[in-house]
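Colleague: Encoded as structure tokens, here's the structure I'll be asking about.
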Amino acid sequence: MAESLYPQDTIAALATPPGRGGVGIIRVSGPTCRAIAGSLLGHYPEPRRALYGPFRGEKAMIDEGIALYFAGPHSFTGEDVLELQGHGGPVIMDLLLERCVQLGARLARPGEFSERAFLNDKLDLAQAEAIADLIEASSRGAAENALRSLQGEFSRRVEGLVQRLIELRMYVEAAIDFPEEEIDFLADGRVGDRLATIQTELADVRAAAGQGALMREGMNVVIAGRPNAGKSSLLNALTEQDTAIVTDIEGTTRDVLREHIHLDGMPLHVIDTAGLRDTPDAVEKIGVARAWTEIETADRVLLLVDAATTDAVDPMAIWPEFVERLADPSRLTLVRNKVDTSHEIPGLDSSTTTPVLRLSAKTGEGVDNLKEHLKAVMGFSATTEGRFSARRRHLDALDRADAALDNGAAQLSGYGAGELLAEDLRDAQQALGEITGEFSADDLLGEIFGSFCIGK
Ligand SMILES: Nc1nc2c(c(=O)[nH]1)N(C=O)[C@@H](CNc1ccc(C(=O)N[C@@H](CCC(=O)O)C(=O)O)cc1)CN2
Ligand SMILES: Nc1nc2c(ncn2[C@@H]2O[C@H](COP(=O)(O)OP(=O)(O)OP(=O)(O)O)[C@@H](O)[C@H]2O)c(=O)[nH]1
Ligand SMILES: [Mg+2]
């Protein structure tokens with residue numbers, strides 16, 4: 001039986017997607033696995049050896065399938081694990097699961113297998129999250145990144161940083177504790193040098209994690225503007241599909257439309273909105289309010305104007321109220337549409353404060369320039385080297401570690417306060433430890449694993 005730090009009951013769940021499939025797998029983990037296997041199969045299975053035979057129900061045979069047994073701790077969860085690979089029909093799977101429950105298992109919560117693997121030190125938290133990211137990956141690039149994180153690429157880099165921080169803390173704390181040794185560590189450039197090295201490495205990890213999070217989550221781009229500017233036409237041009245209704249009637253689009261595309265593997269969520277105007281129409285009013293909600297939360301806002309209506313390239317000159325309502329105008333790109341009629345040269349003009357893109361949603365000229373521009377503003381680079389998947393939670397932790405180190409560096413150069421430096425180093429270490437789950441609150445674990453699918 002598994003020697004688990006956390007003695008647990010036995011859990012069971014369908015590991016394959018619900019519905020019909022060639023094969024369906026029920027996974028069971030916990031101390032009663034062996035007994036369940038004995039009752040179901042008629043004898044105890046040998047670990048890690050596929051066993052073909054009948055799965056017995058209480059009275060009648062349930063299925064003829066393959067059983068796989070892993071004796072803890074050499075299993076995915078670190079506990080005893082039994083897999084029942086049967087014919088993939090919902091009735092058979094239900095009967096098998098019900099039988100496991102009769103024999104002492106309970107139904108697993110979402111993510112509970114991975115949670116046990118984490119609690120039994122089979123995976124750290126970043127690796128466990130990478131499993132979910134791998135399953136949810138929406139592009140090859142995202143899947144490759146998740147696999148690298150699962151294999152420990154991200155964790156190793158974080159742990160490397162933690163190791164260096166520990167060494168530096170020991171040095172600084174020794175100097176505080178034994179002032180009589182007269183290690184004037186503040187004058188001693190080594191502390192500053194080591195701190196700077198850690199900061200550089202942290203900056204590298206942050207950049208890589210930022211790319212990883214971008215590949216996982218993508219960016220929200222909202223197309224906004226007056227009625228008839230060509231917003232829905234641009235959505236269709238970007239997705240290369242006839243998704244949105246396009247007419248020359250103002251107020252055609254009322255609902256928010258969302259489409260998902262990829263730019264070199266980066267997910268792009270393109271959002272078409274109702275044309276912004278004051279209107280007595282109750283339905284259109286709601287559409288305009290929804291458009292604003294999207295504009296306020298987008299990563300990037302494309303303010304689309306019909307180039308025939310204005311020569312201006314400064315959004316403040318075109319529509320000051322719009323710019324003022326944006327919380328952060330640096331998210332804005334001005335798109336001058338319909339260059340096929342205005343005869344402007346399509347492409348990006350970044351000589352202005354707000355970047356200006358000229359294109360024609362109708363002919364498609366300039367649309368590729370827009371795609372390049374979107375990748376560039378998100379800092380997306382197409383190299384895959386050294387990349388790994390990361391989540392917002394990880395970026396937050398890296399940001400906090402970075403802020404603590406910045407503080408520490410200021411203490412060192414400004415006041416020479418060793419105690420305060422030591423505290424900042426500890427804070428940085430703590431923040432990094434949250435990534436791998438070395439320090440983690442129960443509610444955080446609940447939140448992370450609760451978002452996994454059942455059977456994972
Ligand atoms: N049938 C099946 N396929 C699967 C899984 C599974 O649980 N069952 N996995 C589930 O996600 C993934 C594979 N992950 C696994 C990870 C560790 C171990 C395991 O037995 N580890 C032991 C032995 C390691 C070894 O022999 O090198 C250990 O860590 O001690 C098994 C599956 C994908 N494919
Ligand atoms: N010549 C030309 N016409 C365009 C271009 N883009 C859109 N149009 C036309 O402009 C009109 C309005 O286009 P839509 O895409 O429906 O505009 P919209 O901004 O979504 O309009 P609302 O949904 O009403 O807010 C249609 O007749 C389009 O064919 C373009 O690049 N060139
Ligand atoms: Mg529209």
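Heads up, the Cβ atoms here are built off N, Cα and C, so glycines get one too.
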Colleague: Out of Asn228, Asn236, which does TrEMBL tie to the same K(+) site as Thr247, Ile249, Thr252?
Modeller: Asn228
Colleague: Ligand 2 is in the model; which of the binding-site residues Glu83, Asn228, Thr253, Lys456 have a C-beta less than 6 angstroms from one of its atoms?
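Modeller: With ligand 2 as the reference and 6 Å as the Cβ limit, the list reads Asn228, Thr253.
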Colleague: Which residue among the binding-site residues Glu83, Glu250 has the fewest other Cβ atoms within 10 Å of its Cβ, if you could check?
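Modeller: Sparsest of the binding-site residues Glu83, Glu250 by Cβ contacts within 10 Å: Glu250.
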Colleague: Which of the binding-site residues Arg27, Glu83, Lys456 has its Cα nearest to the Cα of Glu250 (GTP binding site)?
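Modeller: Out of the listed candidates, the nearest Cα belongs to Lys456.
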Colleague: Count the other Cβ atoms sitting within 10 Å of the Cβ of Arg27 ((6S)-5-formyl-5,6,7,8-tetrahydrofolate binding site), across every protein chain shown.
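Modeller: Excluding its own Cβ, Arg27 ((6S)-5-formyl-5,6,7,8-tetrahydrofolate binding site) sees 24 Cβ atoms within 10 Å.
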Colleague: Nearest by CA distance to Lys456 ((6S)-5-formyl-5,6,7,8-tetrahydrofolate binding site): which of the binding-site residues is it, out of Asn228, Ser232, Thr247?
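Modeller: Ranked by Cα distance from Lys456 ((6S)-5-formyl-5,6,7,8-tetrahydrofolate binding site), first place goes to Ser232.
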Colleague: If you average pLDDT over the domain 'TrmE-type G' (218-379), what do you get?
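Modeller: Reported value for the domain 'TrmE-type G' (218-379) is a mean pLDDT of 95.
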Colleague: Including all protein chains displayed, how many Cβ atoms other than that of Lys122 ((6S)-5-formyl-5,6,7,8-tetrahydrofolate binding site) lie within 10 Å of its Cβ?
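Modeller: So the number of other Cβ atoms within 10 Å of Lys122 ((6S)-5-formyl-5,6,7,8-tetrahydrofolate binding site) is 18.
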